[in-house]
Amino acid sequence: MGSIGTSLAFFAFQVMPIGNAKAIIYCSPVFTGFFSCIFLHEACTAVDIILSALTLSGVILVIQPPFIFGGESSSTSILGPIFCLILAAMVGIVFITLRKIGSYRIHPVVILIYFSSIGMVLSAVLATALREWVIPQCGRDRILLLLTGTFQFMSQIALTLALRYEKATIVSLIRTCDVLFTFVLDYLFFQIIPNGITITGALLIVGSLVGITLRKWWSEKKAMDKASEEQMPDEELDQGFSDDDASITENQVTTP
């Protein structure tokens, strides 16, 4: 999943603004919640449905399909958002899988070895099928490719470690900063300025993601508080038995 998703992301980044692509990809928590209901049998509340609808609205504003907003359309302009949505669904599956693997205490490097191995095989197959076997030119091209691979590897290490030591909800909340960074870098390097509709859609997606994250955090907190309250009477009862046993023992000792 991760290797295929990375390939889709690289294609989408080439045919559409990176900020728009990242904003669409960040609707992945909607898919995460959907797959959690199916595979992990987690509850889906009305709040989740409302936030998912807001996320979908944000995606539509970012994509700005021609049949709604007008303008010309092409196969390339359509494929970019479609690949981003597929990638978002894959990210949701990967998040659940990584969280499950983390409970087995598997070292992140082991996961990345599998990720890199499958990615290498998949890249070779795609390059052969598309007849894109080329040797990059010396200088800037090779440096950029090396930097891309290095940063991608480091990001996967950081994400795997984050999901291992922190809850997925907190990780998702912090990752929302990625959208802001992407829009800023898009402007600095490519002079791409998003319009008001795109910014509104991105804010809807990020806001919905924050809402989903906070809702999950609040639900987990309530569950923990409820478990603590249910455990307290048992501890008090055990303490009562201990006090009674101590009294009996004391009476036995002091009785001549």
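Numbers run from 1 along the shown chain.
From the backbone N, Cα and C atoms, a Cβ is placed for every residue, glycine too.
TrEMBL annotations: computationally assigned, not manually curated.
Quick caveat, the model's predicted, so the values are computed rather than measured.
Taken from TrEMBL, the feature domain 'EamA' applies to 4-63 (among others).
What TrEMBL lists as transmembrane segment is 47-66 (among others). Remote same-chain residues near the transmembrane segment (47-66) are listed as 20, 23-24, 27, 29-30, 33-34, 72-73, 81, 85, 197-198, 200-205, 207-209, 211-212, 215 (criterion: CB distance under 8 Å, separation of at least six residues from the stretch ends).
Per TrEMBL, transmembrane segment is recorded for 78-98 (among others). Counting residues 6+ beyond its ends, the transmembrane segment (78-98) has Cβ neighbours under 8 Å at 1-2, 4-5, 8-9, 11-12, 15-16, 21, 24-36, 39-40, 59, 62-63, 111, 159-160, 163, 168, 172 in the same chain.
Annotated domain 'EamA' per TrEMBL: 79-213 (among others), in sequence order.
Annotation source TrEMBL lists transmembrane segment at 110-131 (among others).
The transmembrane segment feature in TrEMBL is assigned to 143-163 (among others).
Per TrEMBL, transmembrane segment is recorded for 196-214 (among others). Counting same-chain residues at least six beyond the ends of the transmembrane segment (196-214), those with a Cβ under 8 angstroms from any Cβ of the stretch are 19-20, 23-24, 26-27, 29-30, 33, 47-48, 51-52, 54-55, 57-64, 69, 169-170, 172-173, 176, 179, 183.
The region 'Disordered' feature in TrEMBL is assigned to 225-256.
If you look up TrEMBL, you'll see 231-247 marked as compositional bias 'Acidic residues'.
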DSSP residue counts for the domain 'EamA' (79-213), split into helix, strand and coil:
113 helix, 0 strand, 22 coil
Stretch-averaged pLDDT - the domain 'EamA' (79-213):
77
